[in-house]
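**Student:** Sharing a structure below in structure tokens format, with a few things to ask.
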Amino acid sequence: MSYKYAPFFGWFQHSTTAMIQLSSLLCAIVLAEMAISAPASLVSSIALAPSGTLQQLASSTVSGIDATATVSFASTDPNPELWGPESDPSVPTAQRGTLGATIIGPTNPELELQNADLLAPPTTDHGDVPNAKWPFSLSHNRLQTGGWARQQNIEQMPFATSMAGVNMRLEAGAIRELHWHTTSEWAYVLKGTTQITAVDPQGRNFVGNAGPGDLWFFPAGVPHSLQATADDPDGSEFLLIFPDGSFNEDGTFLLTDWMSHVPFEAILKNFQSTNPEAFSHIPAQQLYIFPSNPPTSDTPVEDPQGQVPQSFVFPLSQVNATELAGGSIKIADSTVFPVSTTVSVAEVTVNPGGMRELHWHPTADEWSFFIEGEGRMTLFAAESNAATFDYQAGDIGFVPANYGHYVENTGNTTLRYLEIFNSNLVQDISLSQWLALTPPALVKAHLDLDDDTIAKLPKVKPIVVGPVGQ
């Protein structure tokens, strides 16, 4: 080798050595980062590796299962509801484990008892999910002679953009006057019996009675009336659902309201009346709800056009529930109630210790109404956003389409609630069934479940599960 090239080769040898050392240092840093989140077995193998093995590990291919551990595992710490509505008022505190602190300012113990997971949320809650709870008890009530009505729409719960609800009570004989809506109306009877009447666009009429647990449905624009019978001395109370979150019950088209705003001569001409006295007692303002005598018959007026071809009433109370491991379910959608084309329902019961399984609804929002018992629901809104809410009788919940959720019975009595959908069909995707029907290797690569656990995943939807071990 020529002497004049010696400095160059000396520099090259020195630089190559430095580059190898730098590569080894970077390799060690990468492996250290992997060790922080890797399983203990992998950490031990790195720590005990003989000299030179680190370079072999750095150049080897990490298996699919080990790759799952490139992020830390989710915590297995319990995150239960910390108290319930019947707990001592001194119990609620803004603390969970070592997180939070006591409240030293003003408090509302009654609300805090009912909303444990708002004051002390589980550590799995994260990010931002809009409020998904509204108690009807916080809605302004419209009081009338003969009954009352209160509502929930986007003014009360902005999150619920696709459906609104009305809770109405009629004393025996009281009438919700003849009216119609720009949207369809669906109803579930909570107590007593309600007689409904309607006439469709073809002039075909309908009269029917809906008792406790039964449903009715009117298409948009179909005029109808509601009247409490004397079957129950208290009259009737029911839940109304409208598939429009901005619906306002006070914006209904009412018979008396319309006729009081039509010139009198136009009324006489419309009805071809030559007797002005015949229409001289039209109320000067809307009646909305007013007292009357209970109906004595459910026979419709003789109609030359005939009766509506499909009943506007569905006797859900007479449908046998499907019994499940942790409760039961009844479903009423257009497959059994054909006229109900925009709203459907699942009536669910969950036994103490049971849970409506983890699931989501692919195409419809869920408007939940809790009839009895106590429930807990966590909504998963993607991108690490999750929030947990607690519900009692009279509360409304809302779950947008595709939000993952469950409903757990957190009380000592049966939880009964309605899952109401802005769709003609009741549909859901079960997390358990999805995993059971997915190739096991894929499930294992994601969750590192063992073969025995995967084999036990249910291939039929559990819907409502019982306590673990039962």
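First residue shown is number 1, and so on along the chain.
A Cβ is built for glycine as well, from the same backbone N, Cα and C atoms used for every other residue.
Just so you know, TrEMBL annotations never went through curation; they're auto-generated.
Dumping what TrEMBL says about this protein:
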- GLU419: active site, proton donor (ACT_SITE)
- HIS179, HIS181, GLU185, HIS224: Mn(2+) 1 binding site (BINDING)
- HIS359, HIS361, GLU366, HIS405: Mn(2+) 2 binding site (BINDING)
- 136-279: domain 'Cupin type-1' (DOMAIN)
- 314-455: domain 'Cupin type-1' (DOMAIN)
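So that I understand the layout, could you describe where these features sit and how close they are to other parts?
**Tutor:** With a 10 A radius on its CB, GLU419 (active site, proton donor) counts 23 other CB atoms from all the protein chains.
In the shown protein chains, 20 other C-beta atoms lie within 10 A of the C-beta of HIS224 (Mn(2+) 1 binding site).
A sphere of 10 angstroms centred on the C-beta of HIS359 (Mn(2+) 2 binding site) encloses 19 other C-beta atoms.
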**Student:** Determine, to the nearest whole angstrom, how far the Cα atom of HIS405 (Mn(2+) 2 binding site) is from the Cα atom of HIS224 (Mn(2+) 1 binding site).
**Tutor:** 37
**Student:** Roughly how many Å separate the Cα of HIS361 (Mn(2+) 2 binding site) from that of HIS224 (Mn(2+) 1 binding site), to the nearest whole number?
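**Tutor:** A Cα-Cα distance of 32 Å.
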**Student:** Average the per-residue pLDDT over the domain 'Cupin type-1' (314-455) and send me the rounded value.
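**Tutor:** Here the mean pLDDT over the domain 'Cupin type-1' (314-455) amounts to 98.
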**Student:** Please report the Cα separation of HIS359 (Mn(2+) 2 binding site) and HIS224 (Mn(2+) 1 binding site) in Å, rounded to an integer.
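**Tutor:** Just about 37 Å between their Cα atoms.
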**Student:** Counting only other Cβ atoms and using a 10 Å cut-off, which of the binding-site residues HIS361, HIS405 scores lowest?
**Tutor:** HIS361
**Student:** Closest to GLU366 (Mn(2+) 2 binding site): which of the recorded positions HIS179, HIS181, GLU185, HIS224, GLU419, going by Cα position?
**Tutor:** GLU419
**Student:** Summarise the domain 'Cupin type-1' (136-279) as counts of helix, strand and coil residues per DSSP.
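**Tutor:** Taking each residue of the domain 'Cupin type-1' (136-279) in turn, the totals are 22 helix, 60 strand, 62 coil.
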**Student:** Just to be sure I understand, if DSSP states are collapsed into helix, strand and coil, how many residues of the domain 'Cupin type-1' (314-455) fall in each?
**Tutor:** 22 helix, 64 strand, 56 coil
